[in-house]
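S.K.: Copying in the features that TrEMBL gives for the protein in this structure:
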- 1-21: signal peptide (SIGNAL)
- 41-524: domain 'Peptidase S8/S53' (DOMAIN)
- Asp50: active site, charge relay system (ACT_SITE)
- His117: active site, charge relay system (ACT_SITE)
- Ser475: active site, charge relay system (ACT_SITE)
- 555-626: domain 'Secretion system C-terminal sorting' (DOMAIN)
Amino acid sequence: MKPILSFLLFNLFSISLIAQSDVLFDEIRLTETIAEFGLTGKGAIVAIFDRGIDYRHSDFINEDGTTRILAIYDLSDNSGAQAANNPYGKGTIYDEAQINAALTSGNKLATRDASGHGTVTAGVAAGNGRASDGSIIGVAPEAKIVVVKITSEGAPAHDDQPAETGFYASESLIDGINFVKNIGTEKGLPVAMIANFGSSGGPMDGTSALSLSLDDEFTENDPGVAFICGSSDDGGLDNHAQLDVSSNSTYDLIIKKNEAPVRVDLWYDSQDQISFSIKTPTSSVELASVTNTSDAFNANSEGITAYHRGSDVDFYNAQNNKNELLVDFNGAAADITISIETSAITNGRIDASLNPSYIFINAPSIFKTYVKEGYTVWDLAAAKNNICPNSYIISNEWKATNGGTYSYPGHENGIGSLWTGSGIGPTYDGRIGIDISVPGNINFGAYGPDSYFGSLDFNIVQDGEHPYGVIAAVSGANPVMAGVVALMLEADPTLSAPEIKRILQKTARADSFTGEVPNVSWGYGKLDVYAAINEIYNPTSVSISEIDNSIKLQPNPVINELNLILPGNYSGETDIQIYNTTGELVLVQTEQQNQSSFSINVNPLPPGIYFLKARQQDNYFSSKFIKI
């Protein structure tokens, strides 16, 4: 069954969407989705984990002048750590009332988005397009917004704006997730969370402490919440090396380093006995073999800071029984050699990443030996319950307000192709890594006028007090995916993150660019919003084992007894759950019989729309019904 639409609301947004965003929206079939289903994100929250937000931009303000932002949690500023509204003892929280007061008075809050990245991310995901008369609009323009400022590369001083020091509060990610979850629970709304940052390094196999914690927050049993984190911008270069080593041998891993600092992060099985000798033109260090899981060796010399860690004391607290070699290099451009000296080898597999090394850098640092393509899905994105998009190209250039026409690096293969810089799989443990490919090059969204992005005239496509500008790369794809997930949760607020992943994978489309899918570059194909939403309203089954027949609910609408008919014949129990439109579990029924049809007494439920989920063995089914 499709939702009952407000005719006025539908026309308001259908008219404005066609104006500018038709390239993106037509590509992902969002225009069709709006026309048929009327989804706008109303009834969902988009939570932005990024560099902050300019809350003053009209894209985040309602027509009546009130904010669309429910809260901002700024982890760069501990001045509010002990405030009454802050149970975490860190950062500063600004609630909806404080944001509205600031908008009314004109007195600025202390929080800011110095770079501009968080603001444009929020704009692409959920901007309402007010300052553009609807010509530049987000995917979920009526969603509520929550912001967690969790990172920044820093920003230079410009105009009258002070510089910002970079930071990354990775240790506070789970606190931020719980902060957002609590708001969702308080408001009775499902939440699509987006972490729009990340680069290669770490175990990148889903076993780091942060990845495992993320997986624990977004399980099959956590309805109405999902997490989206893109692959990385580290694709297209020789920044991953892989070796298969044997006993009593030496292997030279050679790095061509540019002038900038660079980090090597190398992982190998804890049963393998390996020592390292590291040489630059001006210095050298040696690190002995790790013999105990708690061994921790350090070595320093001019331009070299090296750490060799056993599997119990690696820097990511990974649960993968691997040792880690982490080396930071500073100094002049040079060829650097890491000599890998083996003794007793049981496994023999070594993976190493190089960072930074991406296509934005002229003459980037690269590996010269043992290069292995792929393996650039960054560590948090490699979490199993994360929804991981990468980016493909829908436009090659843009015209800025300064009159110039500009393009973006990595577009050599043209419209429809994968952006060259997209991080691709597999993960270090051999999973595909990419769930789906999303148009990220090039998109447009709200810019903070005081941000560093806002000071670069070649980025601006509409100027004024509330400007708009360019976003691209996986950073451009990620907020599109977040907005779409918000629409999916608007359609069914009981969906879990794994269910959303399966729907996206199942409904993705292939073409001549993707080739046969799934694959490590494109995942399961290109995003098809219409197919995904249609699957929610008219499921063929969201099933691990891909059953083709549909679930049946009869009668529908129903007064007293609802008959559930599931496809297939299975043994064992059947778990049935019914949720209301706020995501509250209102009925649970477990059947022990080996059968596929069941009677459910829904008479006690008040009239309304409900979502039924059923599980038989490893098969999951969902559908909607109306109680009258």
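One-based numbering along the chain as shown.
In case you wondered, yes, glycine gets a Cβ from its N, Cα and C as well.
Can you walk me through where each of these features ends up in the structure?
M.R.: Confidence across the domain 'Peptidase S8/S53' (41-524), taken as the mean pLDDT and rounded to a whole number, stands at 97.
For Asp50 (active site, charge relay system), other Cβ atoms within 10 Å of its Cβ number 27.
When secondary structure is read from DSSP and collapsed to three states, His117 (active site, charge relay system) falls in the helix class.
Here the Cβ of Ser475 (active site, charge relay system) has 22 other Cβ atoms within 10 Å, regardless of which shown protein chain they belong to.
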S.K.: I'd like the number of other C-beta atoms within 10 A of the C-beta of His117 (active site, charge relay system), please.
M.R.: 26
S.K.: Please state whether DSSP places Ser475 (active site, charge relay system) in a helix, a strand or coil.
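M.R.: Ser475 (active site, charge relay system) sits in a helix per DSSP.
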S.K.: To the nearest whole angstrom, what is the C-alpha distance linking His117 (active site, charge relay system) and Asp50 (active site, charge relay system)?
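M.R.: If we compare the Cα positions of His117 (active site, charge relay system) and Asp50 (active site, charge relay system), the gap is 7 Å.
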